[in-house]
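Here the structure is laid out as structure tokens; the discussion comes afterwards.
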Amino acid sequence: MKKKLVVLGLLAVVLVLVIVGLCLWLPSASKEPDNHVYTRAAVAADAKQCLEIGRDTLRDGGSAVDAAIAALLCVGLMNAHSMGIGVGLFLTIYNSTTRKAEVINAREVAPRLAFASMFNSSEQSQKGGLSVAVPGEIRGYELAHQRHGRLPWARLFQPSIQLARQGFPVGKGLAAVLENKRTVIEQQPVLCEVFCRDRKVLREGERLTLPRLADTYEMLAIEGAQAFYNGSLMAQIVKDIQAAGGIVTAEDLNNYCAELIEHPLNISLGDAVLYMPSARLSGPVLALILNILKGYNFSRESVETPEQKGLTYHRIVEAFRFAYAKRTLLGDPKFVDVTEVVRNMTSEFFAAQLRSQISDHTTHPISYYKPEFYTPDDGGTAHLSVVAEDGSAVSATSTINLYFGSKVCSPVSGILFNNMDDFSSPSITNEFGAPPSPANFIQPGKQPLLSMCPTIMVGQDGQVRMVVGAAGGTQITTDTALAIIYNLWFGYDVKRAVEEPRLHNKLLPNVTTVERNIDQAVTAALETRHHHTQIASTFIAVVQAIVRTAGGWAAASDSRKGGEPAGY
């Protein structure tokens, strides 16, 4: 009898252990794996519901471009502080069938009545109707869809129309900016009507509905891009901007065209090619950073010991400083001859000359890097990366310029408009002693210099290896470079490449900003080499990346903005 009881007791213990084990295992087995590797297609962006919209568009037979447009329309709702249909974007597109890359430029342009000295202060270029440029976002979607779309145009709008009507919880990124811009928003009746409850800005998790934008999306879905530029929306858009003191006219909207660039900027990295936009974007800056650094033959060993890691990061920061010194010469190639500048910035010989000027034991005064002009900060961006089942890819970055752009929001259409603060102005001085860049002065029809660099890396076999880009003002270029360096040279998986603590230096001001959780060995090594370091108040930009691995497409959406990838 005693023996029987012992056996029964042991069986009971085993049964309990099995049940506990199943309880622990089953929930995790039903979840998506933490590494986010997808066998067929992937999307990385900074809003979960938008990722799911992009993924479902791919599942429904949509192309990479279809998924990008559908997801961007959603991001324009959920992260309205960063982008929307009243702004502009660039798309880098790779077609796996033709094995060709192209860029679509749909950045906003200065109105025909604009002139170089139209702003006497930064406030004028940042806020109000006068600061609004001619939006290009919808024309960009149209051109991309005409060239690469598979699903009907209207289908791409439907998920976001539903989302705008039903509402959604305010996410981490939008909530942080609403709190940061609380005073401005609560004092603007139209903005506060959208983003406030009981005259107080919405907090994370509270519900935001956008019924006016839903109506506008419906009109665009039915009428196409024409509705915005010379159709049923056009007159109201002009009226809203001019009522706020702006100079955008019907003629400006009628004449706006997105631009196809069939031969984008590219450089070699080992046995791969990196495709990105040239000037007026910061592709040449990214190219110069990587060309300088590839001469060091970085590898996993470059960051193995504190000494090696410190030297490696010093070299990276010095490459940033040289590249940003040359950035000040860039501008819109339709108005400024930047051929020689871009040729130098993408030349391995030129990069080697700059590399030879990097001292491993110290940094140098600003004048050592020979900056010629100063260009203003930019900000308020959103990026997404997409890879479709056929191996085609899109890297897209859209921007409203500064958070909430011009702060001009239509009480009728719900459209929030950009500002022109990315231009330089002869009337606005800076504290760094460098004159404003004439290459970036305002002219009618001109586009300003920007830090965006949506990038696609392709191997010799014609297959995409990496799709990457970032959002976050002038930090975009350095963060995109770091993600590539971390993955390609240091051997970090894509999740670590996106999440790894980062640093930034744009030469002016003479400060290296580091994220709070960066390795202390890096900070100590920089300070030993006379770098002025400061801890970032929040985070340094937000990266979205997809990388080809043996197991499929590994995707990472930056947790700094609450991102999470999707795929299948």
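A Cβ is built for glycine as well, from the same backbone N, Cα and C atoms used for every other residue.
Note that the structure is predicted; figures quoted are calculated from it, not measured.
Feature annotation from Swiss-Prot assigns transmembrane segment to 5-26.
What Swiss-Prot records for 27-568 is topological domain 'Extracellular', and it gives sequence analysis as the kind of evidence. Looking only at the topological domain 'Extracellular' (27-568), the predicted model's pLDDT averages out at 95.
When secondary structure is read from DSSP and collapsed to three states, Asn95 (N-linked glycosylation site) falls in the strand class. What Swiss-Prot records for Asn95 (among others) is N-linked glycosylation site.
Annotation comment: Swiss-Prot describes Arg107, Thr399, Leu450, Ser451 as L-glutamate binding site.
Taken from Swiss-Prot, the feature N-linked glycosylation site applies to Asn120 (among others). Listed in sequence order, the residues of the same chain lying 6 or more apart from Asn120 (N-linked glycosylation site) and placing their CB within less than 8 Å of its CB are Ser427, Ile428. According to DSSP, Asn120 (N-linked glycosylation site) sits in a coil region rather than a helix or strand.
Secondary structure from DSSP puts Asn230 (N-linked glycosylation site) in a helix. The number of other CB atoms found within 10 A of the CB of Asn230 (N-linked glycosylation site), across every protein chain shown, is 16. According to Swiss-Prot, the feature N-linked glycosylation site maps to Asn230 (among others).
Marked as N-linked glycosylation site by Swiss-Prot: Asn266 (among others). Long-range Cβ contacts of Asn266 (N-linked glycosylation site) within its own chain (separation 6+, distance under 8 Å): Ala101, Val273, Leu274, Tyr275, Met276. DSSP assigns Asn266 (N-linked glycosylation site) to a strand in the three-state reduction.
Within 10 Å of the C-beta atom of Asn297 (N-linked glycosylation site) sit 9 other C-beta atoms, taking all shown protein chains into account. Secondary structure at Asn297 (N-linked glycosylation site), taken from DSSP and collapsed to helix, strand or coil, is coil. The N-linked glycosylation site annotation in Swiss-Prot covers Asn297 (among others).
According to Swiss-Prot, the N-linked glycosylation site annotation covers Asn344 (among others). Classification of Asn344 (N-linked glycosylation site) by DSSP places it within a helix.
When secondary structure is read from DSSP and collapsed to three states, Thr381 (active site, nucleophile) falls in the strand class. The active site, nucleophile annotation in Swiss-Prot covers Thr381.
The N-linked glycosylation site annotation in Swiss-Prot covers Asn510 (among others). Secondary structure at Asn510 (N-linked glycosylation site), as computed by DSSP, is coil.
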How far is it from Leu450 (L-glutamate binding site) to Asn230 (N-linked glycosylation site), counting Cα to Cα, in Å?
28
Given the recorded positions Asn95, Asn230, Asn344, Thr381, Asn510, state which is nearest to Ser451 (L-glutamate binding site) when distance is taken between Cα atoms.
Thr381
Return the residue, from the listed recorded positions Asn95, Thr381, with the maximum count of other C-beta atoms within 10 angstroms of its C-beta.
Thr381
Relative to the Cα of Asn344 (N-linked glycosylation site), which of the recorded positions Arg107, Thr381, Thr399 has the closest Cα?
Arg107
If you measure C-alpha to C-alpha, which of Asn95, Arg107, Asn230, Asn297, Asn510 (recorded positions) come within 10 angstroms of Thr381 (active site, nucleophile)?
none
Given the recorded positions Asn95, Arg107, Asn230, Thr399, Asn510, which one's Cα is the least distant from that of Asn297 (N-linked glycosylation site)?
Asn510
Rounded to a whole number of Å, the separation of the Cα atoms of Asn95 (N-linked glycosylation site) and Thr399 (L-glutamate binding site) comes to 24
Name the residue among the recorded positions Asn344, Thr399, Ser451 whose Cβ has the smallest number of other Cβ atoms within 10 Å.
Asn344
